[in-house]
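Participant: Below are the structure tokens for one structure; questions will follow.
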């Protein structure tokens, strides 16, 4: 499958002054017509649609009256159990192809755990730290771009110096990463390994092995391996999941990876189960702090999810429903981008096989203008630059499209409007 749509050999940039002027007049007229429709459409976040949330309606009645015992006899109604119940941990271990001992099950948000492990490293240091990160003169963090804005918000909150590296089709630019980690101030990096937000790119095993084996100057260096879209295919095929913790152990770096995933875009976005996969030493460090923060996760909800899925194949069955719901929306976005923009050579976009986003690169210098025009037309887009640390896209060209929430009919109107805004911003750029 194509990863990036091919740009036209003819570009708006090649139009002479008269032709670009006429084109600008025409597209401005279309934009004014768009504004007159008083639209109110939202493409900002990768939220599941109501149809997708309905797939998990059965959860609202689970585990059911009298069903409160986990497989090991744990009464899920009571306190305790920092690791989570084995029922749901085993399902996720089977789904990801890892030992169940590697998996901790938590509450709804894996992002909460990411914040915890970074904040605890900052306050206390992690189990490989010489001192807390807050005592370091500078903490630097590697950020593959374009990437996930909420990741960058966490490292921004702690004042880390964020260093951008390209997110390529096979994963982060490893030549750049391997050079950066020679600096002991570089303490970690973000990675979304499967159907990455927003490009849809997937880390290859070769890149994963390089991440596992590379020498780092900081002994407490950590990779936050956020496998948010591990099973979120748009086709009938599921991606191969890399046992990244196992790779780290095999390479002699068992504590390098903090790996995460969750059911947030599988069942109910605000009421699911998160999973933390890491080494035995890291788990001991984590539960040592987590046991002070709280007494344990929502085990009733974990049991409900275990009953709902049944086994790993049950998870895949649910994901096939999601794929059937999402694929027509992604296809509609790609169809409109191709029909409206391809002939003018003003944009390039990813063609993902899974995940929740399409990454759109417009004429450099115009992304913020496209977002501004879209807002004027009643179409909300994620802010230009949001896929970069500190919201600063050096080329001002990237926009993230989130097709999941609106019905196809609304999505078609919104994307036709976005295409008009891309063309108008490009025409303004080349006319000046």
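Residue 1 is the first one shown; counting continues down the chain.
A Cβ is built for glycine as well, from the same backbone N, Cα and C atoms used for every other residue.
Quick caveat, the model's predicted, so the values are computed rather than measured.
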Participant: Out of 229, 344, 388, 430, which one does Swiss-Prot list together with 109, 110, 111, 197, 262, 263, 264, 265 for pyridoxal 5'-phosphate?
Facilitator: 229
Participant: According to DSSP, which kind of secondary structure is residue 400 (substrate binding site) found in, if we only use helix, strand and coil?
Facilitator: strand
Participant: Report, in whole Å, the straight Cα-to-Cα distance of residue 109 (pyridoxal 5'-phosphate binding site) from residue 45 (substrate binding site).
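Facilitator: One finds 16 Å between the Cα atoms of these residues.
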Participant: Just how spread out is the substrate site if you go by the largest Cα to Cα distance in Å among 45, 46, 148, 149, 150, 400?
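Facilitator: Spelled out: the longest distance between any two Cα atoms in 45, 46, 148, 149, 150, 400 is 13 Å.
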Participant: Please give me the CB contact count at 10 A for residue 109 (pyridoxal 5'-phosphate binding site), counting all chains in the structure.
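Facilitator: Other Cβ atoms within 10 Å of residue 109 (pyridoxal 5'-phosphate binding site): 17.
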